[in-house]
Structure formats: structure tokens, C-alpha cells
Amino acid sequence: MYKERSRNIRKTWLLFTAFFVLVIGIGWIFGFLYDSPIILYIAVIFSVVMSFISYWYSDKIVLRMTRAKPVEKRDNPELYNIVENLVITAGLPMPKLYFVDEAAPNAFATGRDPKHAVVAVTRGLMERLNRSELEGVIAHELSHIGNRDMLVSTVAVVLVGFIAILSDMFMRSLFWGAMFGGRNRNGGGHAVFMLIGIAFAVLAPISAALVQLAISRKRELLADASGVLLTRYPEGLANALVKISSDPTPMRAAQNATAHLWLDDPFKGKKKTSWLHKLFMTHPPVEDRVKALIKMSI
């Protein structure tokens, strides 16, 4: 189990390395083709500022989008008891607890840091899962908090947004003929770089999005493994994942913008396992997660 956790951490950092190489590459190509790098600086600042705002207010934004309501201890003492026991084990502060009035079983965690963390569960989760399964789910969500996954995903979004802005700027300037400030350079060499730039502008946003999704999937696997360290019972989360994924109830609060936050993909009826579809999944296939959990030994 510890090896699985370490492996997922290494893979996440490898993906981030690939991400930064992609950013540096496209920035260098576009910097060569633009005479004034000030436009690139503006794009970077805009991406960072917007992402910082999203990161800082992430909990409020997500809670509003999912229509989550705060839960008091007197309303759900079992949930509070489970969370209180697990945060002691994890060495984390007590997060705020929220309730989403959805029949579909699911849960998510958000918040910019452990001191401002939020864990939300649906009505269906509380109704369908037994205590050991609930503990597995809560431990998974607390692991997202402990692993700073909100920060990780925000950095990924910054990079994706930066690349998308650069690509859009390049294609617009190319379309309007406003990017040929490099006319004084060697014509043939500039043409080659322009073709490379076009290829980057088309492929880079797609590649960046795929890397972002891969990071999201690795963080889910890492949270699974980290959660098991808290409960010492892999079967609890494994059984919960099976129940959640097999439940046919659609989620009214499901949105593409928040899909990656949920324990399981909230879009029901779209489970496919082709290699191409897996590349665009926010979560690893449930069967893969269950197999990994069953293999873990304490």
C-alpha cells in the first residue's frame, strides 16, 4: 500500500514535469514569433490572477454550484463522529461539513487549505452506505485535503489556461496577419517556426488538457491509497465505490466544471472503457480503483 502511494506521487510529479516542459516549449516558440513579449506576460498574469481568485474562493463557488447546505452535529451525529475520528488519525483540523440533497450517492472535498476545507456528502451516500463504507469515503476526501489536491488541481488549471490563451492569441494574430513582426528575420527559418507554432497552437491545448486529466486521475488513486492508511480497511472504500458507481440515479447537481471533485464521476450512463475514452476521464475506471484497493495489504 505504501509503495502504491509513493508510485502515484512520483507519477504525478512526472506529469507536472511534462506539463512545464510543454509550457516552456510553447512559450519559447510563440516568443520567437512575436516581436513583443509583453503580450505573453499579460497572458500569464491574467491566467494566474483568474486562477488565484478561483482557488481562493473555490469552496464558496463549488458549494453554490452544487447547492450544498451546512450540516450541524445535531442533524447528523453519525457523520460528525466518523469525520472527527478520522481527522484525529490524519492530524487535520475539522472541516466544515455540508449536505447535498441528491438521491445519488457521492461526496466531494474542496477548500484552499486544510484550515478552510469542506467535505460534502449527498443524501444518497448516507442512505445507501454502511459505516465502514462511509469511513472509506470520508477518509478518501480527507486525503484530498491532506494531499493539497486543490492546490495541485489549481496549478494544473493555471497551466492549461495559460496554454489555451497563448494558442488563441497565436491563431487570432495569424488570422489577422498581425503576427509578422519577424519579417526582418530569415524568411525560410521564420516560416518553419510559424508552421511549428501552428502545430503547437492546435495540439498544445489538447495535450495540456489530457495531462491535466491524467493528473486528476493520479490524484484520485493517491487519495484512495492515502485514505486506506487512515481506515486500515481497503474493502470499505472498495465496496463503497462499487455501490456508488452501480447506482443508476442521475445527479441533478452534476456539472462538467465540478465533475473532477466528486468521489466518482457524477455523470451516470457514460461508463466506457475504451483506451480513447479513458484519456478524457476525470476519474480512473472504478474497476481499476477497486482492483488496486483489493491488492493493498496493511
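Cβ coordinates come from backbone N, Cα and C, glycine included.
Long-range neighbours of Glu141 (active site) (same chain, six or more residues apart, CB within less than 8 Å of its CB): Ala107, Phe108, Ala109, Val119, Ala223, Gly227, Leu263. Secondary structure from DSSP puts Glu141 (active site) in a helix. Residues annotated as active site in TrEMBL: Glu141.
Residues or ranges marked as Zn(2+) binding site by TrEMBL: His140, His144, Glu220. Annotation for His140 (Zn(2+) binding site): spatial neighbours Ala107, Ala223, Asp224, Ser226, Gly227, Leu237, Leu263, criterion Cβ-Cβ under 8 Å with sequence separation of six or more.
The average per-residue pLDDT of the prediction over the domain 'Peptidase M48' (74-295) is 84, rounded to a whole number. Annotation comment: TrEMBL describes 74-295 as domain 'Peptidase M48'.
For 12-32 (among others), the entry in TrEMBL reads transmembrane segment.
TrEMBL lists 38-57 (among others) with the feature transmembrane segment.
The feature transmembrane segment is assigned by TrEMBL to 150-171 (among others).
As annotated by TrEMBL, transmembrane segment applies to 191-211 (among others).
Between the candidate binding-site residues, His144, Glu220, the densest Cβ environment within 10 Å is the one around His144. Excluding His140, His144, Glu220, which define the Zn(2+) site, the same chain contributes Ala109, Glu141, Ser143, Asp149, Arg219, Leu222, Ala223, Asp224, Ser226, Gly227, Leu263 within 8 Å (Cβ to the Cβ centroid), listed in sequence order.
In the three-state DSSP assignment, the secondary structure recorded for Glu220 (Zn(2+) binding site) is helix.
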